[in-house]
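> Found this in TrEMBL, in case it helps:
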- G34, V35, G36, K37, T38, T39, R141: ATP binding site (BINDING)
- T38: Mg(2+) binding site (BINDING)
- D56, R80, G102, R159: substrate binding site (BINDING)
Amino acid sequence: MSSYSFIYIGGYNVLSNHEIPLKKKSIVFIGFMGVGKTTIGELIANKLDRDFIDTDVEIEKEYQMPITQIFNTLGEEHFRKKEKEFITKLCQERFHVISLGGGAFLQEEIRNVCMDNCIVIYLHLPWDSWKNRFPLIIESRPVLQGKSMGEIEEIFNKRQEVYSKNHFKIECEHLSAEEISTKILESLKNIKG
Ligand SMILES: Nc1ncnc2c1ncn2[C@@H]1O[C@H](COP(=O)(O)OP(=O)(O)OP(=O)(O)O)[C@@H](O)[C@H]1O
Ligand SMILES: O=C(O)C1=C[C@@H](O)[C@@H](O)[C@H](O)C1
Ligand SMILES: [Mg+2]
């Protein structure tokens with residue numbers, strides 16, 4: 001029998017639904033497009049010597065096409081269904097570092113399965129900093145394409161509500177990926193179990 005402590009993080013009882021030792025749980029990164037989930041996830045996986053899984057990349061591999069093409073040919077609804085199936089299954093596994101697509105947490109089932117089975121880390125940037133990421137990502141993010149900055153800001157603000165379900169919020173403004181990963185590892189050290 002494993003021994004572990006109950007712990008409340010961000011007001012949420014991490015062990016409330018499943019008795020999974022915290023050290024075995026997969027770590028899941030959430031946050032708006034371009035905040036750095038893929039970049040930071042990969043770094044943390046290397047530092048913890050865990051597998052890294054980026055759900056967008058896995059879906060692209062399965063369909064043999066970029067997300068933009070999946071949206072254009074099969075539609076967003078199809079993508080969201082696949083994203084839900086993939087993440088729900090993945091969350092039953094342990095010891096991974098997982099970076100979700102920026103819209104995955106829009107689906108309640110995904111929020112619940114991640115919160116119940118994994119440690120969820122929200123990477124946050126304020127809008128003014130995020131704007132600098134826009135040119136880096138616009139080509140490969142169909143949700144942003146054809147929209148004005150005003151419309152994107154509206155989506156950005158609306159999405160903050162869904163990301164508010166998390167175990168840790170990490171402020172990323174003015175920090176390099178390396179500095180953010182150090183901050184995350186410090187937070188994880190405080191978890192017992
Ligand atoms: N801390 C950082 N400082 C500066 N640039 C960064 C930082 N983290 C990531 N980037 C850059 O921002 C861009 C977006 O990063 P990344 O692809 O990791 O975001 P994401 O959250 O995975 O986005 P998506 O949800 O669309 O998959 C990349 O060009 C990356 O190099
Ligand atoms: O925020 C979103 O809605 C998305 C983010 C990307 O990671 C991809 O999952 C896709 O482009 C949709
Ligand atoms: Mg990504």
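Even glycines carry a Cβ here, placed using N, Cα and C.
Note: TrEMBL annotation is automatic and uncurated.
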> Consider the binding-site residues D56, R80, G102, R159 and say which one has the Cα lying nearest the Cα of G36 (ATP binding site).
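Closest recorded candidate to G36 (ATP binding site) by Cα: G102.
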> If the ATP binders are G34, V35, G36, K37, T38, T39, R141 per the record, what's the largest distance between their Cα atoms, in Å?
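So the maximum pairwise Cα distance among the ATP binders is 16 Å.
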> Could you state the whole-number distance in Å separating the C-alpha atoms of K37 (ATP binding site) and D56 (substrate binding site)?
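So the alpha carbons of K37 (ATP binding site) and D56 (substrate binding site) sit roughly 11 Å from each other.
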> Compare all C-alpha positions of D56, R80, G102, R159, the record's substrate binders, and send over the largest distance in angstrom.
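Across D56, R80, G102, R159, the widest Cα separation comes out at 18 Å.
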> Sorted by position, what residues of the same chain at least six away from R159 (substrate binding site) have a C-beta under 8 A from it?
F32, G102, G103, F105, L106
> Return the single residue from the binding-site residues list (K37, R80, R141) that has the minimum number of other CB atoms within 10 Å.
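Candidates: the binding-site residues K37, R80, R141. Fewest Cβ atoms within 10 Å: R80.
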> Cα-Cα separation of D56 (substrate binding site) and T38 (ATP binding site), in Å?
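Distance (Cα to Cα, whole Å): 9 Å.
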> Please check the binding-site residues K37, T38, G102, R141 against ligand 2 and give me the ones with CB under 6 A, sequence order.
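With ligand 2 as the reference and 6 Å as the Cβ limit, the list reads G102, R141.
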> Could you list the residues of the same chain, at least six apart in sequence, whose Cβ is under 8 A from the Cβ of V35 (ATP binding site)?
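In sequence order, the residues whose Cβ lies under 8 Å from that of V35 (ATP binding site) (at least 6 apart) are G102, L123, H124, L125, W130, R133, C172.
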> Filter the binding-site residues G34, V35, G36, R80, R159 down to those with CB closer than 6 A to an atom of ligand 3; keep them in sequence order.
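Listed by sequence, the hits amount to none.
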> Please report how many Å separate the Cα atom of R141 (ATP binding site) from that of R80 (substrate binding site), as a whole number.
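Per the Cα atoms, R141 (ATP binding site) and R80 (substrate binding site) stand 14 Å apart.
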> Can you grab the distance from G34 (ATP binding site) over to R80 (substrate binding site)? Cα atoms, rounded to a whole Å.
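Answer for this pair: 19 Å between alpha carbons.
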> For the recorded ATP site, enumerate neighbouring residues of the same chain (Cβ within 8 Å of the Cβ centroid of G34, V35, G36, K37, T38, T39, R141, site residues themselves excluded), in sequence order.
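Going along the sequence, the neighbours come out as G31, M33, I40, S99, G102, L123, R133, I137.
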